[in-house]
Amino acid sequence: MSHPTSTLPKGMSHPLRMFRRRQFLVVTVCFALIFFSGLASLMTGEVYFSASQVATAFLQPSDSLSTFLVIELRLPRFLIALFVGATLGMAGNIVQSITRNPLGSPDLMGVSAGASFAIVVCMAWSTLPPLALLSVGTIGGFSAGFVTFLIAWKTRLDPLHLTLSGMCISLFFNAAIVVVLITAKADANGIYFWLTGSLMDRTWQHAVLLIPFAFIGLLLGVVFSKPLNLLMLEDITCESLGFPVHVWRVTLGFIAVVLTAATVSVAGPISFVGLIAPHITRLTLHNKRHIQCVDHRQRLPISALIGAALVCVADTLAKLHNVPVGILCVLVGGPLFVYLIKKKVE
């Protein structure tokens, strides 16, 4: 008795195998970039250490200078870069899916602008310690996200109205930030530097505050990724299938708000990562037969990996040149964004 060699239709097994190989290649490249950029980040700084010295700091910790610099100063910055990139990558993919807007990003929900405004106000007119600013920024981001959904609620969270509501909230808070910078008596240099997005002087205290929020948000994103596949359909189609569109759009939007607010509070508004990571995911998983990653159970983790790799590499380069990581992300993301728009038009 003959047995079928494949359960797939004839001619489909080869493209699917190629797709799986491409998935494996993308994941492998991301892990390699994260590993080598992390190693370079731990080795470089005001004092250079070799790879063997970095390994010794982990395997045989002591009171030496290398152990202190590697474990206490450089490792938390690398971990923060890792989680910042992962959260922005996943949040960007969620926002693009719930709004059905391929040019969507976490900034589109007004969360980044709301968190930035809250922190800028405190930096300009108060003497709160840096760690207290994290709580203030998180509250500001949540508030902006809540207002965005509240405005769009009257239109039953229509994707277009949700996008426009987020844009209006972002414009309002960005204008308010400019007003604060003009009227504040405090030195604005530190505020401008923070607004560019930076991981300088980040410690374990910042990492401990960010990582739980980021880990929970990433886990929830993976657990609730399947409903995103249905949200890509028209609302009428989803409702005819008995799918609670509004409940899941609010739930997944809340996850994106959690991820973005925590990230902006720690690292500042780092642009383009949440926009570019999902697009890179789609471009890298696309082949000539047009088979691509449409399942968000695959797309979200890969977007998080790509975002993490982007920020880790950008922060390592920024560290070498002593510039904010947000500037490098913009310098890399700007041309890539233009390329994506051109490709979209074509």
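Don't overthink the numbers, they just go from 1 along the chain as shown.
Note: Cβ is positioned from N, Cα and C throughout, glycine not excepted.
Between the stretches 27-49, 73-95, TrEMBL puts its transmembrane segment entry on 73-95. Below 8 A, the CB atoms of the transmembrane segment (107-126) and the transmembrane segment (204-224) form no more than two pairs separated by six or more positions in the chain, fewer than 3 in all. When Cβ-Cβ distances below 8 Å are used as the criterion, the transmembrane segment (323-341) is approached by residues 81, 103, 193, 196-200, 267-273, 275-276, 279, 310-311, 314-315, 317 of the same chain, each at least six residues removed from its ends. Ranking 73-95, 160-184, 204-224, 254-278 by CB pairs under 8 A with the transmembrane segment (132-153) puts 254-278 at the top. In this chain, the transmembrane segment (204-224) lies apart from the transmembrane segment (160-184): fewer than three C-beta pairs between them fall below 8 angstroms, excluding pairs fewer than 6 positions apart.
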